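First up is the structure itself, then whatever we jot down about it.
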Amino acid sequence: MLIGILALQGDFFKHQEMLHSLGIETIQVKTRNELDFCDALIIPGGESTVMMRQLETTNLKELLVHFAIHKPVFGTCAGLILMSSHVQNSAMMPLGLLHIAVERNAFGRQVDSFQVDVSVYLKPGDEICFPAFFIRAPRIRTSETPVQILASYEGEPILVRQGHHLGASFHPELTVNPSIHLYFLEMVKENLENHKK
């Protein structure tokens, strides 16, 4: 299993550290050649408008959409914004991998960053207490079927899954708790097994 981490901008190295601690091989993705080797992709936090502009100028945007048809993608914070179907109050045209509408920086600016324990339900009836770090985090304003809500904060979704894609408005890579990354790895394994059949 080889997990790609989009490395155009943002905190991609923290995802690498988390996956390496779990014994998972990773590759920084900046070109099509690197993407072609990957079984899945993580889109990290960072500056969503800068990341989208770089995706467009490197011709990676359409390649990512095609990649995501058959392979899992996990986006955190800015990565969630890029994976959404609509960004409120923005001209950005996101990837459309998750049937959600988001609002950038809606949890506050950099000075308003905070950490809070949230209940995460990665399996039915199995509650995990997870330390969620919100840094200029987006809010998920609307979600549509078949989006599954795996965690909420103050009544709003903050961790969602749609098919073989996962998105978080917070930063699980900044904790020492690997639960959400392990969940994504299980999604990747399941996807690999399904494509062997």
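Each residue's number is its place along the chain shown, starting with 1.
Note: Cβ is positioned from N, Cα and C throughout, glycine not excepted.
Look at Swiss-Prot and you will find GLY46, GLU47, SER48, ARG104, ILE135, ARG136 tagged as L-glutamine binding site, backed by sequence analysis. Marked as active site, nucleophile by Swiss-Prot: CYS77. What Swiss-Prot records for HIS171, GLU173 is active site, charge relay system.
A map of Swiss-Prot features onto the structure.
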| residue | record | CB count, 10 Å |
| --- | --- | --- |
| GLY46 | L-glutamine binding site | 22 |
| GLU47 | L-glutamine binding site | 15 |
| SER48 | L-glutamine binding site | 28 |
| CYS77 | active site, nucleophile | 29 |
| ARG104 | L-glutamine binding site | 21 |
| ILE135 | L-glutamine binding site | 20 |
| ARG136 | L-glutamine binding site | 20 |
| HIS171 | active site, charge relay system | 23 |
| GLU173 | active site, charge relay system | 25 |
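The active-site residues listed here (CYS77, HIS171, GLU173) include CYS77 as those with a Cα within 10 A of the Cα of ARG104 (L-glutamine binding site). The Cβ centroid of GLY46, GLU47, SER48, ARG104, ILE135, ARG136 marks the L-glutamine site; residues of that chain outside this set whose Cβ lies within 8 Å of it are GLY10, GLY45, CYS77, ALA78, ILE81, ASN105, PRO138, given in sequence order.
In this structure the C-alpha atoms belonging to GLU173 (active site, charge relay system) and GLU47 (L-glutamine binding site) are separated by 16 Å. When the alpha carbons of GLU47 (L-glutamine binding site) and the residue listed as 'active site, nucleophile' are compared, the span between them is 9 angstrom. A straight line from the CA of SER48 (L-glutamine binding site) to the CA of HIS171 (active site, charge relay system) spans 14 Å.
The two recorded residues, ILE135 (L-glutamine binding site) and HIS171 (active site, charge relay system), have Cα atoms 8 Å apart.
Residue pair ARG136 (L-glutamine binding site) / HIS171 (active site, charge relay system) shows a Cα separation of 10 Å. Under DSSP, SER48 (L-glutamine binding site) is assigned to a helix (H, G or I) in the three-state scheme. The residue listed as 'active site, nucleophile' sits 7 Å from GLY46 (L-glutamine binding site), taking the CA atoms of both as reference points.
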